[in-house]
Amino acid sequence: MLEVPVWIPILAFAVGLGLGLLIPHLQKPFQRFSTVNDIPKEFFEHERTLRGKVVSVTDGDTIRVRHVPWLANGDGDFKGKLTETTLQLRVAGVDCPETAKFGRTGQPFGEEAKAWLKGELQDQVVSFKLLMKDQYSRAVCLVYYGSWAAPMNVSEELLRHGYANIYRQSGAVYGGLLETFEALEAEAREKRVNIWSLDKRETPAQYKARK
């Protein structure tokens, strides 16, 4: 009978242990996340990019997407509440006018910003770079849509079209694009596009502070 070298079972154990630790990490990019709270903390720490199908536009800077893992398609019959089967994303670095909520009148251009965003994103598959999770358990993201070869940044487009100003409150994140955002905001303001056409204007932050 051949004697098995002592290092072989040790190697087999080490390989098995390594695979046991590695496989869960390899599976995560292909796992579907039902809510933002399902997304691992390290995905935010490393600013991972995910993708999903837009199923609802809440307002000009908030959407709900059904996460679509890489190598999967966006089709499928999903049942259940949107709050339990979708990710709520807050578009990073911008603030759109508030829409009417809870019996309170909305701001000028709030509905227009929402309608524009819905026209651009509804039922589309988008990619989104995770920056942070906010106090409302929303994923604050840079959202991209359109051609894979020349994707458009939602934050930039909202600023370009005068449907948002730069978000400058506590906890603001820009994904390294603040200078770009400032240039786009300044250009829209100079052209008096949409929100910048108003002679007297209240920012969304000022509006919310009046509650």
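Glycine too: its Cβ is placed from the backbone N, Cα and C atoms.
Marked as signal peptide by Swiss-Prot on the basis of sequence analysis: 1-20.
Broken down with DSSP, the motif 'RxLR' (48-51) shows 0 helix, 3 strand, 1 coil. According to Swiss-Prot, the feature motif 'RxLR' maps to 48-51, an assignment based on a curator's inference.
Taken from Swiss-Prot, the feature Ca(2+) binding site covers Asp77, Asp95, and the record attributes it to similarity to another entry. The Cβ neighbour count for Asp95 (Ca(2+) binding site), using a 10 Å radius over every protein chain in view, is 21.
Summarising the annotation, Swiss-Prot assigns active site to Arg90 (among others). Arg90 (active site) counts 23 other C-beta atoms within 10 Å of its own C-beta, drawing on all protein chains shown.
Taking the Cβ of Glu98 (active site) as reference, residues of its chain lying under 8 Å away and at least six apart in sequence are, in sequence order, Asp59, Gly106, Gln107, Gly110, Pro204, Tyr207, Lys208. If you look up Swiss-Prot, you'll see Glu98 (among others) marked as active site.
The active site annotation in Swiss-Prot covers Arg138 (among others). DSSP assigns Arg138 (active site) to coil, not to a helix or a strand. A sphere of 10 angstroms centred on the C-beta of Arg138 (active site) encloses 19 other C-beta atoms.
Taken residue by residue with DSSP, Asn153 (N-linked glycosylation site) is part of a strand. All chains included, 23 other C-beta atoms sit within 10 angstroms of the C-beta of Asn153 (N-linked glycosylation site). Residues or ranges marked as N-linked glycosylation site in Swiss-Prot: Asn153.
Sequence annotations record features per position, and here Swiss-Prot assigns region 'Binding to the host cell surface' to 200-211. Taking Cβ pairs closer than 8 Å, the region 'Binding to the host cell surface' (200-211) reaches residues 95-98, 107-108, 165, 168-169 in its own chain, all 6 or more past its ends.
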Distance, Asn153 (N-linked glycosylation site) to Asp95 (Ca(2+) binding site) (CA atoms, angstrom): 15
Per DSSP, three-state class assigned to Glu98 (active site): coil
Structural state census, the region 'Binding to the host cell surface' (200-211) (DSSP three-state): 6 helix, 0 strand, 6 coil
Integer Å distance between the CA atoms belonging to Asn153 (N-linked glycosylation site) and Arg90 (active site): 13
Separation of alpha carbons, Asn153 (N-linked glycosylation site) and Arg138 (active site) (Å): 18
